[in-house]
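The NADP(+) binding site annotation in Swiss-Prot covers Asn165, Arg166, Ser167, Ser190, Ile231.
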Amino acid sequence: MAKILYGNEVALKIKEDLNLRIGKLKEKNIIPKLAILRMGNKPDDIAYERSIIKNCEKLNIETKVEELNEDILEEDFLKLMESLNNEKETHGILVFRPYPKHLNENIINSSIALNKDVDCMHPLNLERIFEGDLNGFMPCTPEAVIEILKYYDIDLKGKNIVIINRSMVVGKPLSMMVLSHNATVTICHSKTIDLPSITKKADIVVTAIGKAKLIKEEYFNENSIVIDVSINVDENGKLYGDVDFENVKEKVRAITPVPKGVGSVTTTLLLKHIVDAAERNS
C-alpha cells in the first residue's frame with residue numbers, strides 16, 4: 001500500500017507562513033492584491049476563479065476580476081494590461097489560459113509586468129528558469145510538484161524522473177526545475193512509443209495528460225513515486241487524475257491523490273507569489 005502524499009498538508013504549512021507575512025504587510029498598510037483576467041465564461045475557468053477568490057479571502061488578499069469578452073481586441077487587452085501594470089495597489093496579475101485564437105499568446109504573455117507575473121507567464125521570467133535561476137516567480141503547478149516532494153523529504157538528486165507532458169505550462173519548465181535539483185529527466189508525450197516501458201524504469205513519474213484514469217499499475221514498479229497533476233471532471237462532477245488511483249496505490253511506493261493533491265498546493269503557491277510581489281514592491 002502506497003504512502004499517500006497529501007497536498008493539502010503542504011498547502012496548510014505554506015499558509016501558516018503566509019498569515020505571518022500578511023500580518024506584517026498590514027502593519028505597513030499594505031494589502032496584497034491580485035487582478036484576474038478572464039476571457040469568456042468557460043465553466044472550468046469560473047470554478048478556478050471562485051476557488052482562487054475563496055482562498056484569497058481566507059488570507060485577507062484582495063482580488064479584482066476583469067471579465068472580458070472572448071472577442072476582445074488585442075489592442076484593448078493590452079491597454080487594460082498597461083493600466084494594471086501601473087496600478088500600485090495591484091501586486092499580481094493572472095490571465096486565464098488558453099487564450100482566444102485571435103490573440104497572440106507571446107504578445108499577451110510579454111505584456112505582463114515582470115514583477116507582477118505571479119504565474120511566470122512572461123518569456124523573460126521563463127527564461128530565468130531555463131537558465132537554472134529559481135529565485136524569481138516560478139509557474140505554480142511545476143513549483144507545486146517540487147514543494148510536495150520537498151515536504152515529504154523526497155530528494156531529487158540523482159533520481160530518474162519521467163514527466164508525461166511537454167507544455168510550457170507544466171512539462172518544459174518542470175523539466176528545467178528538476179534538472180536544477182540534479183535529477184535526470186525524460187519528457188514523454190502523446191507520440192511517445194511504449195510509454196509503460198519508460199515510466200516503469202523511473203524513480204518518479206509526473207503525469208499531466210488530462211485523461212481520467214488512463215494510467216494503470218502496469219506503468220509503474222514497486223518503488224515508483226507518482227505525482228498526478230491532472231484534474232479531470234466526469235459527467236457527475238467527480239474529480240479524477242490521470243492515474244487510476246485505486247488500482248495503482250496498491251503497487252507503488254507513494255502517490256498524490258486527486259483531489260487533495262497537487263491542485264491545492266498550486267493555488268496556495270499563487271497566493272504566496274502575490275505576497276512575494278507585495279513585499280518586493282513595498
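Along the chain as shown, residues are numbered 1 onward.
Backbone N, Cα and C atoms are what each Cβ position is placed from, and that goes for glycine too.
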Going by C-beta under 8 A and a gap of 6 or more residues, the same-chain neighbours of Arg166 (NADP(+) binding site) are Lys172, Ile187, Cys188, His189
Close in space but at least six residues away in sequence, with Cβ under 8 Å from that of Asn165 (NADP(+) binding site), the same-chain residues are Gly171, Leu174, Ile187, His189, Val206, Thr207, Ala208, Ile209, Val229
For NADP(+), with binding residues Asn165, Arg166, Ser167, Ser190, Ile231 per the record, max Cα distance (Å, no decimals) returned as 18
Cβ-Cβ distance under 8 Å, sequence separation of 6 or more, same chain as Ile231 (NADP(+) binding site); the residues meeting this, in order, are Leu239, Gly241, Val258, Pro259, Gly263
